[in-house]
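A.B. asks: Have a look at this one.
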Amino acid sequence: MAMEMRLPVARKPLSESVGRDTKKHLVVPGDTITTDTGFMRGHGTYMGEEKLIASVAGSVERVNKLICVKALKTRYNGEVGDIVVGRITEVQQKRWKVETNSRLDSVLLLSSMNLPGGELRRRSAEDELAMRGFLQEGDLISVSCTLDYSVSVLYTELGNGALIAEVQAVFSDGAVSLHTRSLKYGKLGQGVLVQVSPSLVKRQKTHFHDLPCGASVILGSNGFIWIYPTPEHKEEDAGGFTANLEPVALADREVISRLRNCIISLVTQRMMLYDTSILYCYEASLPHQIKDLLKPEIMEEVVMETRQRLLEQEG
């Protein structure tokens, strides 16, 4: 029986600036944030005995006079305009229910999506009968959010039938309404899904990134990250209903696997996920084999080098 033994080794000396990273004000439930009554109470806080007290474990964030606590680990709370990745769980009348890592299932209305080919017209009874032909249970999608009364999100994993969308609205109970009216949203083809805490995904202007290593990532605001080989030419005339199911080359699969392990390493060390941090971590991991990136000591080494490069870039 083969057995692998690992011995502790000395850490590589890194710049002292790594240890001087910006310190966050971390609190646990019951901690007093401030006794100043001039601040306003935000999410994750409550007033008690003229003191502002934390109700969740997380980091304190201040915007002018507003104080809130951002939970370190939580379900996805949808916001209008978010790009999310999810999976169809049920086909209902004129709508689909979507799993989006939130407390409630999200909703994708038939009227909130493009018809095949990007055709613009009113939805008819024939379209309603053909809903399962568009999207069925198990399909993965990416979507986006836009209005402030409902929100829904979707996720994808290794396999076929994935889709991307945008949060269109958030209801009072926290449910999410999605839409796929842009041709950049729709089913996802060959790729790998990585599920992380939504609090670790950095909000940016764009969540679609083509990395120079030959793969692309979709950073869903709901914590679902889709990694797939970068297509040679993007087909936007199919309305988001066709998925490329061609076999993926071995070199592309190795790049995707390395990116997946790099993301897991960053999450293990509680680092924010965005295109630059993922790319730096990928470059720092090249001296190691893909399978070795899951070893704790290799994870720590790669992430420390990534953190140092990010700090040097910030100057």
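From the backbone N, Cα and C atoms, a Cβ is placed for every residue, glycine too.
Sharing the feature lines straight out of TrEMBL:
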DOMAIN    26-63  domain 'Exosome complex component N-terminal'
DOMAIN    75-142  domain 'RRP4 S1'
DOMAIN    191-231  domain 'K Homology'
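Map these features onto the structure and tell me what's around them.
C.D. replies: Residues 69-72, 74, 199 of the same chain lie 6+ residues outside the domain 'Exosome complex component N-terminal' (26-63) yet bring a C-beta within less than 8 angstroms of a C-beta in it.
Summarised by DSSP class, the composition of the domain 'RRP4 S1' (75-142) is 12 helix, 28 strand, 28 coil.
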A.B. asks: State the mean pLDDT for the domain 'K Homology' (191-231).
C.D. replies: 89
